[in-house]
Amino acid sequence: MPLLKDATPHMKESHPLPQALLPWILPSLFAAFNVVLLVVLSGLFFAFPCRWLAQNGEWAFPVITGFLFVITFFSLVSLNFSDPGILHQGSNEQGPMMVHVVWVNHRAFRLQWCQKCCFHRPPRTYHCPWCNICVEDFDHHCKWVNNCIGHRNFRFFMLLVLSLCLYSGAILVTCLIFLVRTTHLPFSMDKAIAIVVAVPATGFLVPLFLLLLIQAMSVSAAERSYEGKCQHLQGYNPFDHGCASNWYLTICAPLGPKYMAKAVWLQRVEMPDWVPVHNPHISVCPPVLSPPTLPGPGSGPAPTSGSLQTREGSPREW
């Protein structure tokens, strides 16, 4: 995430996602099928009920729905080929025997080592088992577009969900108005196509609206979908900057460099940088450290040894 965004806390790893059972070509074909389905249904819609309304002077319907179709198609194609925030594999300077500690809102957290990418994962970075990559600020893997949703394409994902909701609603309203305007006419191909298009539009509208609502709540609370029901320490989310700031950091803030070489670049530095500790007994999922109280302006430097002072003042070994 941008420089203004705090690092993410270490929390218990969720159960690893199952490996994809199908070859990579089938998910790609499924994503391509979704694009073709959008184009085919839109073509039927514009060629029959929307054309009839335009011929009878109702130009507002093709103009509005056409604009929404362009935005939806653009966001869908962009999300298919976008970079979710792929991080390069680690260098020789890093190793699983080193422990990297970052500070987030007066708490110290230990970064996890990715065995497949061979580097310490930056805050809120997750290794997607379907794509076999580490994605910065990972949210989830979207099978509809066969791509991960992360730091660099999350705004395209939100644009796609919003435009699909508006476009499906506009198609449904247009088809209903067309059927009402043509009640005095005999059943025709235009009416049949209007029904065929309105049914899937109605079926997609409800789940898309629920998805949009869930994602909006997650952005407002600075949460991620893959975190599931993991609770932050003491029920407090240290990455929540407030609703307005969360939306700005997620949707409007600059994306920053495309690839990060150091995880510390992804956080706002509130304490000295890395605290490397040599620990030959590092566990795969180490527990969250109890952070010390931040020193004041006149305090001495932060400890850099293999132990940290807890709030009670007793050293805690790694």
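Using N, Cα and C of the backbone, Cβ positions are placed for all residues, glycine too.
Automatic prediction, not curation, is the source of TrEMBL annotations.
These come from TrEMBL:
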DOMAIN    110-226  domain 'Palmitoyltransferase DHHC'
REGION    293-318  region 'Disordered'
TRANSMEM  21-47  transmembrane segment
TRANSMEM  59-81  transmembrane segment
TRANSMEM  156-180  transmembrane segment
TRANSMEM  192-214  transmembrane segment
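Remote same-chain partners of the transmembrane segment (59-81), defined as residues 6 or more beyond its termini with a Cβ less than 8 Å from a stretch Cβ, comprise 31, 34-35, 38-39, 42, 45-46, 50-51, 53, 142, 145-147, 153, 156-157, 159-160, 163-164, 166-167, 170-171, 174, 177. Among residues of the same chain six or more beyond the transmembrane segment (21-47), those with a C-beta under 8 A of the stretch's C-beta atoms are 62, 65-66, 69, 72-73, 76-77, 80, 130, 143-147, 171, 174-175, 193, 196-197, 200-201. The helix, strand and coil residue counts that DSSP assigns across the domain 'Palmitoyltransferase DHHC' (110-226) are 62 helix, 17 strand, 38 coil.
On the 0 to 100 pLDDT scale, the model's mean across the domain 'Palmitoyltransferase DHHC' (110-226) is 91.
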